[in-house]
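Student: Below are the structure tokens for one structure; questions will follow.
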Amino acid sequence: MEGSGADTDGNEFKNAKEMWMEQVGDTTKRTQWYREGVGYWQAVEASVNGVLGGYGHVSDGDILGSEVFLKSILAERFPLAGKDRPLVALDCGSGIGRVTKNLLIRYFNEVDLLEPVSHFLEAARESLAPENNGASDLHKATNFFCVPLQEFTPDAGRYDVIWVQWCIGHLTDEDFISFFKRAKLGLKAGGIFVLKENIARSGFILDKEDRSITRSDTYYKDLFNQCGLYPFKSRDQKGFPEELFPVKMYALTTEVPRRISRARREQINRPGVIK
Ligand SMILES: C[S@@+](CC[C@H](N)C(=O)[O-])C[C@H]1O[C@@H](n2cnc3c(N)ncnc32)[C@H](O)[C@@H]1O
């Protein structure tokens, strides 16, 4: 990946390769990267404000933006949503289950949650329990996986949607690519990924405190390409405070987008004749 970047102390890197070499260039450094990333979240309170870094008040706007995006995808990709067969989603880096509780569980019959920080996952399990009005017979949280993404392989063909929000920055490029390649097999035919992330204006920014990186749109597109994933829809999150990174949602498919032939395009564009 070309393009320079910087860390939160203002140190600059010529390119991502140089940064990754410095951060995770050998097994010890890589282990430390992931230990410190999870370690950061282990010290955070299990609350909406905690998982959103003190910006708990953006949660409603985030969920609303995600819901509009999800509805447009469901209408396009799964018009019979839930009527022909149950819909199943995976919430990656789920934290306390904020996205599942406020969004996914309303649209999917089953949601699995993956989160490496056990006290977050336990808070999710509790809030999604039927006795806390977190589930019904038709919409429930099924599995709670306490593992990091870089170590997870989903069951083949289980998911319609794999939702990855505000956690992929913890993965190195190498693990990003290998996670999505493995996770593709976890999708049903026609299934999709949704990635919702902070976006750097260019290159990347390394956060030394929580061991994560914020990538630019170009950086993401390069990684999608390497994963064999195609963005078929994307949307910017609106209404967040100015001081935050811009946030983007990508819907990604494993299918090569169909190109409309020139002849067909001209046919579509030709004005019709009203008789
Ligand atoms: C900013 S919080 C977002 C939580 C949730 N996605 C949300 O939107 O409410 C980041 C989450 O990523 C999780 N995380 C950190 N490293 C991870 C890894 N290697 N794999 C999966 N999740 C990770 C953290 O434990 C934390 O729950």
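Quick reminder: no glycine exception, Cβ is built from N, Cα and C everywhere.
Curation does not apply to TrEMBL; its annotations are automatic.
Marked as S-adenosyl-L-methionine binding site by TrEMBL: Gly93, Arg98, Leu149, Gln150, Gln165.
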Student: If you draw a 10 Å sphere on the Cβ of Gln165 (S-adenosyl-L-methionine binding site), how many other Cβ atoms land inside?
Tutor: 21
Student: Within 10 angstroms of the C-beta of Leu149 (S-adenosyl-L-methionine binding site), what count of other C-beta atoms is obtained when all protein chains are considered?
Tutor: 23
Student: Output, ordered by sequence, the same-chain residues six or more apart from Gln150 (S-adenosyl-L-methionine binding site) with a CB under 8 Å from its CB, or 'none'.
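Tutor: Counting only residues 6 or more apart in sequence, the Cβ neighbours of Gln150 (S-adenosyl-L-methionine binding site) under 8 Å are Tyr34, Leu171, Thr172, Asp175, Ser178, Phe179.
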Student: Using a 10 Å cut-off, grab the number of neighbouring Cβ atoms around the Cβ of Gly93 (S-adenosyl-L-methionine binding site), all chains included.
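Tutor: The answer is 24 other Cβ atoms.
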Student: Enter the number of other CB atoms within 10 angstroms of the CB of Arg98 (S-adenosyl-L-methionine binding site).
Tutor: 24
Student: Rounded to whole angstrom, what's the largest C-alpha distance between any two of Gly93, Arg98, Leu149, Gln150, Gln165, listed as binding S-adenosyl-L-methionine?
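Tutor: Output for S-adenosyl-L-methionine binders Gly93, Arg98, Leu149, Gln150, Gln165: max Cα distance 22 Å.
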